[in-house]
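Lifted from TrEMBL, the feature list:
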- 399, 400, 401, 402, 403, 404, 405, 406: ATP binding site (BINDING)
- 10-160: domain 'ATP-sulfurylase PUA-like' (DOMAIN)
- 171-383: domain 'Sulphate adenylyltransferase catalytic' (DOMAIN)
- 391-543: domain 'APS kinase' (DOMAIN)
Ligand code: PPS
């Protein structure tokens, strides 16, 4: 029978007096501005969440962790915790030097005494740690496209915790949680890791786990970084607060964990177990597809649904925490009750709603039944994911100069304003160049900056529930794709290619620019002396030759209706 050892765990912080002094001294050191992921890692390094690590991994530990899931001294540790930096920064740093680690506002959080500097083999790291060098895996994508090329390793001296302004009362260090458990006399504690809102199945599962382990329950959601596309942590925490009331009194508590997940399935489960042991827990729930990243580029799952349980079982002794393994919970209609999928009474009707189906129902404003979730949770989710017809979106026109983009965009704006309900902003090419990009010319670099600015503004409008209509030339596919990604983080993106042929644009020559371009008086003119990469799969393509503006704008409205962005009533 495992009982928690609730004595304090080592932290990497110096005393408050020394911290004050160190902070002043560190002002002169070369400094590295931490990325959001590195801030999460640093917090857990400093507060003992990543015990026994004493800093960012050096090269010997890194190689050993990647290859064998163990530090160089043989201690189990499955995840490389490394400080990735740019080549430029690394060129200025030599082992033996100290560097100040700052948060994004420039506050010094810690000092890293650099012991190692090396360029990792990222393909090998991807293969060994995440199972495949496949960019469909979010952590592999991060490794290749976001992380710097050079790693710095060495011990960390903690000066202060990263500052959080949200949900402060729900954030606890491992030692704070240990003290809390001590105070309440909790000796057996089962932890539940989650990055999703809790529905009835989760509540049932966690409650059963606690009962089976005869333990108290810690809901321990990740609020650092989770899988791209997840429900934001602000919404989730409000949902969790609602579910907490459903547990029997004094059995359950919740604390938020500022962890940056890697979605590494089995290895991640072992890592999560170690982190929970450090937080004073004795048991850890591992369910189906723990920390699963979804499908690989071949459309197959990266890991088997119970691989994480298998690996955890193998290392449970060394992790120092007992696994409570669970099958998927499903609702049995006849019994009006949840069962693990392998204990469902024969011949009964099983009901389940997948994550994808739930998102569809939210998007379309459809019913979400009471057997699936709690009304408070559904209300909260509906507040942050209103049906598509109430969300913001962006219509992005692209096409040659004089193709008719601005004219259709203006007509569309007026039609949408006539419908009402959402504020509409027109970011026309010429207008943007006057107000946002007046210093820019028409080189590829400047056009890209211009389009990214438009994309940023459109994404903010979309995020805040408005409609952004953009009408620049936007001649490059890659830049348009980047804008799409920015916007789609918050709402729908409708690309409209105004495909009026160049001959027709030149014939109209409404601004006399084609004539000047032909005479060589305007350089880098799109379609004449500069490229235009036509979209391959826009949501809509219109050609204004022989069709009036009203008709074109109407085609866009029909498309928006089809995309569910305009309500039928
Ligand atoms: S881009 O490529 O998307 O940044 O261009 P954009 O911001 O839409 O600006 C295009 C308008 O600027 C005028 N103009 C030129 N267009 C293309 N190439 C060159 N060299 C150029 N110089 C000036 C032109 O009037 C464009 O307006 P529209 O509304 O597209 O006709």
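We number each residue from 1, going along the chain as drawn.
Backbone N, Cα and C atoms are what each Cβ position is placed from, and that goes for glycine too.
TrEMBL labels come from automatic prediction, so no person has curated them.
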Distance-selected binding-site residues near ligand 1 (C-beta under 6 Å), from 400, 401, 402, 403, 406: 401, 402, 406
Cβ atoms near residue 400 (ATP binding site) (within 10 Å, other residues, all chains): 24
For the binding-site residues 399, 402, 404, the one whose C-beta sees the most other C-beta atoms within 10 angstroms: 399
Cβ neighbour count within 10 Å of residue 405 (ATP binding site): 29
Shell of the ATP site beyond 399, 400, 401, 402, 403, 404, 405, 406, same chain only (C-beta within 8 angstroms of their C-beta centre): 471, 473, 498, 500, 505
Cβ neighbours within the same chain of residue 401 (ATP binding site) - under 8 Å, at least six residues apart: 473, 505, 511, 513, 514, 525, 526, 527
Among 403, 406, the most crowded of the binding-site residues [Cβ within 10 Å]: 403
Model confidence over the domain 'Sulphate adenylyltransferase catalytic' (171-383), averaged pLDDT: 94
